[in-house]
Structures are given as C-alpha cells and as structure tokens.
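Annotated features, as they stand in TrEMBL:
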TRANSMEM  23-46  transmembrane segment
TRANSMEM  81-98  transmembrane segment
TRANSMEM  110-128  transmembrane segment
DOMAIN    112-239  domain 'Phosphatidic acid phosphatase type 2/haloperoxidase'
TRANSMEM  189-208  transmembrane segment
TRANSMEM  220-239  transmembrane segment
Amino acid sequence: MTYMNSILSIRINQAACIQVRKFLFFHLWLPLVGVMLLSGLLMGLAGDQSLADLLYRLEGGQWLLKQHWITEYLIHRVGKWLSIVAGLCLLAGMLVRCRGGLAGCRYLRASLYVVVTLVLSTSLISLVKRLTGMDCPWDLVRYGGGFPFIGLFESRHGLKASGCFPAGHASAGYAWVCLYFAAWGVCPAWRWLGLMIGLVAGLIFGISQQLRGAHFLSHDLWSLTICWLVALGFFYLFFVSPAVRVVSAQQRAMT
C-alpha cells in the first residue's frame with residue numbers, strides 16, 4: 001500500500017507541475033513576450049509618436065479634447081471615483097455577508113484578493129510614475145508643449161519631470177483584470193467576463209487620455225502589464241499556494 005501511495009503521489013506531483021507550467025506559459029511568459037514586442041514597436045520604432053501624431057492632426061493640430069467634458073470630467077474624474085466606489089462596495093458587501101457565518105464567507109478570499117490587488121496595482125503604478133518621470137504628449141514641443149522628447153532610459157539633465165509613465169488613470173480600469181483571476185479561484189466559468197470588465201474599463205480610460213494628449217499608447221500598455229503581473233502574483237498567494245499546501249498535506253497523510 002505504501003508503494004502504491006508513493007506512485008500515486010509522484011503522478012499527482014507530475015500532473016500538478018504540468019498544469020503549473022501550462023498556466024505560467026499562457027499567463028506570464030506569453031504575455032511578457034507580447035509586451036516586449038509591442039514595447040519595441042511603440043517605444044523603439046516610434047509607434048507612440050506615429051499614433052499621437054495622427055490623433056493630434058485629427059483634432060486640428062491641438063488637443064481639442066483635453067478639456068472636453070466627456071474626456072476630462074465624465075471619464076477622467078467620474079470614472080476614477082466610480083472605480084474607487086466599486087472597490088469599496090465590494091469590500092463592504094462581502095463583510096456584510098460574512099456576518100451570517102462561515103456560509104456567507106464563501107467568496108471572502110476572492111473579495112479580499114480583489115481589494116488588495118486593486119490597491120497595490122494602482123499604488124505601484126503611482127510609485128513607478130514618480131520614478132520614471134516621463135513627459136505626457138501635451139508637454140512636448142512636438143505637440144505644442146515646452147519640453148523635448150526624452151526616452152524612458154535617457155537622462156533628463158535637470159529638466160523637470162511630468163511623471164506620465166505608466167498611465168495612472170488607465171490603471172483604475174486595468175486593475176480590474178484581477179476579476180479574471182478571482183473568478184478562476186471560485187467560479188472559473190466567469191473568468192472571461194471578469195477579464196472583459198478589466199480590459200474594457202482600462203481601454204475606455206486609456207483611450208480617453210490618449211485623445212486628451214495625456215499619454216502615449218505604451219504608457220497604457222505598461223499600466224496593463226503591471227496590473228496583470230500584480231494580479232497574477234497575488235493569485236498565487238491567495239489561491240495557488242493554499243491549494244498546494246492542502247495537496248501536500250494529503251500526500252503526507254497517504255505515506
């Protein structure tokens with residue numbers, strides 16, 4: 001019996017390793033390769049400037065939508081607060097449900113995961129913005145501003161930084177991609193809806209800021225990347241790691 005249990009334990013470990021490698025390939029390595037390729041196109045081959053040039057021309061050689069009520073007030077200001085309120089409502093709702101006992105706490109781990117991921121994703125992006133100090137398109141001479149374009153890894157030589165990389169406002173939408181992983185942990189059938197919510201919200205926020213001249217496309221790309229990596233990391237801590245401990249305990253009990 002001990003020999004058979006050992007064989008079963010080995011097979012379980014092998015199957016688990018295969019699943020983990022497959023999961024990481026599609027959720028970590030493949031996305032990172034895509035991000036690097038897109039970054040090379042946008043930041044290395046001037047794709048950012050080409051797109052911004054097009055938008056600038058379409059708006060009549062100015063950022064016509066910079067102070068438009070839809071882009072500045074509705075999407076930028078109201079959208080930001082809606083994202084914050086949604087996160088607070090999620091936390092409050094789950095805490096209220098948990099007052100009914102353990103049965104009401106079924107989704108508590110998922111809700112805590114979402115709240116923690118939302119806060120840390122947006123906070124990390126705010127920190128990176130302070131460290132990079134890249135300018136917004138509307139700050140550049142090319143688009144009517146007063147600063148020359150300075151790349152991400154170039155020295156500013158004492159010039160004041162704007163802090164526009166990565167996109168802060170878009171992160172209020174892209175941070176919700178954590179719903180994809182939260183659903184994977186409790187109800188996998190809903191994970192694509194969760195992913196769609198985060199991507200659509202981020203795209204709306206990000207595109208509106210590009211139309212205002214606040215960001216290049218690469219700024220949004222890296223905002224999404226950071227949000228995705230934070231969500232993936234905490235998915236491991238909240239869901240994968242506890243499951244691994246349970247399986248390990250079961251295997252020890254079998255031997």
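Glycine too: its Cβ is placed from the backbone N, Cα and C atoms.
Automated prediction, rather than curation, is the source of TrEMBL annotations.
Quick caveat, the model's predicted, so the values are computed rather than measured.
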Task = Flag the pair the transmembrane segment (110-128) / the transmembrane segment (81-98) as in contact if three or more Cβ pairs fall under 8 Å (sequence separation 6 or more).
result = yes
Task = Run the contact check on the transmembrane segment (23-46) against the transmembrane segment (189-208): 3 or more C-beta pairs under 8 Å, excluding pairs closer than 6 in sequence.
result = no
Ask   = DSSP helix, strand and coil counts for the domain 'Phosphatidic acid phosphatase type 2/haloperoxidase' (112-239)?
value = 94 helix, 2 strand, 32 coil
Task = Restricting to the domain 'Phosphatidic acid phosphatase type 2/haloperoxidase' (112-239), report the mean pLDDT as a whole number.
result = 94
